[in-house]
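Per Swiss-Prot, these features apply:
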| type | residues | note |
| --- | --- | --- |
| ACT_SITE | 209 | active site, proton donor |
| ACT_SITE | 341 | active site, proton acceptor |
| BINDING | 167, 341, 370, 371, 392 | (2R)-2-phosphoglycerate binding site |
| BINDING | 246, 289, 316 | Mg(2+) binding site |
């Protein structure tokens, strides 16, 4: 038994300069796991609650000392003496201790940090990498793959201070044979895009996730400069590299309309889906995330009907990594993919359940970071250990993003051919 002998919580900083919760779980035998909770900017209304202190005299109210006290107090007391390898049991203890639907008593940030730290400690006690331990928890031991990265190289929306409405424009190096090659391709395109923007007299400052954030005349212009960069870098758009969007449409949904203030256009629900389809007809866009508001289920049905057979339609704010909401989506044929974010649901066990449910229904699962990150690279191990096939972890700069890519490089080196990189086959509608 990997007996828990101590649980420690502390307040640390995330990549946006805001506090977050870090936890350590100590086991008999000297094994220790440490993990930190990430934090989102564009958040779904049904996400598990990130507990903040609200004390304006500290960190402008964003402190997490209450959540940290919960880790060092009731959570620690409840977990002492328990077996760290019994992940589902540990997570259930914390969920029951909280007793709320959205973890607003103890805080999803407190519960998640401990949940992930326990998994890391358990892996250490077993003498195996975290991805291997996750595969065992997932009921898929030894089944691995390297994820296709969705690299967020141009930012708008809530992730940038510019006039571009769509939140993320991403490249996917689907033509690569290995993850290492995919990363190189993405980096070359990123640096080429910087030159393209600079030569046009556009800003090369970066947003929260490391993508460039220039002011552009339209969302189509963003796709055009990316196309130019891909081709200048020596790659073929549509073959070597495909495109993906995260609209984060809930952020510009007002009074039943989709208001693209940056380019002065307003759409009704079906009109915005038609607009996205027109972009996908012009460019090789193979994945669109949150293409409509989280509450616009009729609109999602239409979007799935007109694009779902050829394009991966990813629910982020729509599903918030929640199996209850995902069940409704599956039953109604809404979207065909789910974005997976640990902190939307608040524990490793519930995260794995969402991935399993998606896969069993023929939906893809895209593992994702948040805009507020730390050096914690657990999502890299999650992507490989569940053979999810896709990962979103930002651009090719900022160490909080690159930490995940570097961990994937290490894992690929360890696993070799046991973790294939399958490219386009991983993306819904493209196999």
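Backbone N, Cα and C atoms are what each Cβ position is placed from, and that goes for glycine too.
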Quiz item: For the binding-site residues 167, 371, which one has its C-beta crowded by the most other C-beta atoms within 10 angstroms?
Solution: 167
Self-check item: residue 316 (Mg(2+) binding site) as reference: those recorded positions from 167, 209, 341 with C-alpha within 10 Å of it
Solution: 341
Exercise. Between the Cα atoms of the residue listed as 'active site, proton donor' and residue 167 ((2R)-2-phosphoglycerate binding site), find the distance and write it as a whole number of Å.
Key: 11
Practice problem: State the Cα to Cα distance, in Å, between residue 371 ((2R)-2-phosphoglycerate binding site) and the residue listed as 'active site, proton acceptor', rounded to an integer. | Solution: 11
Quiz item: Apart from 246, 289, 316, which residues in this chain have a Cβ no more than 8 Å from the mean position of the Cβ atoms of those residues at the Mg(2+) site?
Solution: 167, 168, 245, 247, 248, 288, 290, 314, 317, 339, 368, 392
Quiz item: When you measure from the Cβ of residue 341 (active site, proton acceptor), how many other Cβ atoms are you left with inside 10 Å?
Solution: 26
Quiz item: Under a criterion of Cβ-Cβ distance under 8 Å and sequence separation of at least 6, what residues of the same chain contact residue 289 (Mg(2+) binding site)?
Solution: 168, 244, 245, 246, 247, 248, 313, 314, 315, 316, 339, 366
